[in-house]
């Protein structure tokens, strides 16, 4: 099993690489790439951790050497949010970065499962799909927008609010990965009920949690460590699916034939081909149905931005 992390010298990439070095199955290969010259050194640093995961680092303009033979590619490359920015402000820089990297993925490891972390995810995933279509290698079951951070935040905040063991909290988060497009389905959480006020405030906190971190870091960065953990959870689920483990389910932003938009975050069953099955997200409350329907114009606009960027 070979996993490649593109953007491995950044805050998310280093956290993700550390977690993968400690969690990937014995005998796996972990390949780190970043434009920054420090990247081979990050790999040397991590190589001193005593786990049976072989690690190599690559720097420079071309990620191809890192991608050869990759089964899973996780892309966190790009610029981070600063105070006063929202995820869409990142588009002007990150769109080009994702396009260029995906062109190399399409040429080097077109069958790999690709997880896009780089924001704005609503748009960068659409860019990746269009690039792969142009290259003639697009497989909608192998491309994912990583929305796991919205899920782990939801699990954490619900457990805190209700005094639950966080390991027992399961929730679907649907829609997209920014602002109003993030929709935690609180009505489905087993064993708890929420007042209307709690639903409104908790939904808003989950939607704005990224901004909470950006502001708390006071210009010193965005959510890198929690995102690294979320990306590792999702990446490990991709690996477990590839290894044939049963019932591996995660929410992800995918081209899953949703009635709502071309790309939509919902639960998917993972397996040897990436997505084995897109799962229904179940019954929703009136509040959730309204929130879902009112986000769609925003979500579709984000997607169109990505499609138009490549065309």
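Positions of Cβ are set from backbone N, Cα and C atoms, glycine also.
What Swiss-Prot lists as active site, proton acceptor is 177, and the listing cites sequence analysis. Cβ-based neighbour count (10 Å, all protein chains) for residue 177 (active site, proton acceptor) stands at 29.
Residues annotated as NAD(+) binding site in Swiss-Prot: 7, 8, 9, 10, 11, 12, 13, 34, 94, 117, 118, 119, 227. Note on residue 119 (substrate binding site): other Cβ atoms within 10 Å of its Cβ, all shown chains, come to 28.
Per Swiss-Prot, substrate binding site is recorded for 81, 87, 119, 153, and the stated evidence type is sequence analysis. In this structure, residue 153 (substrate binding site) is part of a helix by DSSP.
Neighbours of residue 119 (substrate binding site) among the recorded positions 13, 94, 177, defined as a Cα within 10 Å of its Cα, are 94, 177. Cα separation, residue 227 (NAD(+) binding site) to residue 153 (substrate binding site), rounded: 10 Å. Within 10 Å of the C-beta of residue 118 (NAD(+) binding site) there are 28 other C-beta atoms, taking all protein chains into account. Spatially close to residue 153 (substrate binding site) yet at least six residues away along the chain are 206, 209, 226, judged by Cβ distances under 8 angstroms.
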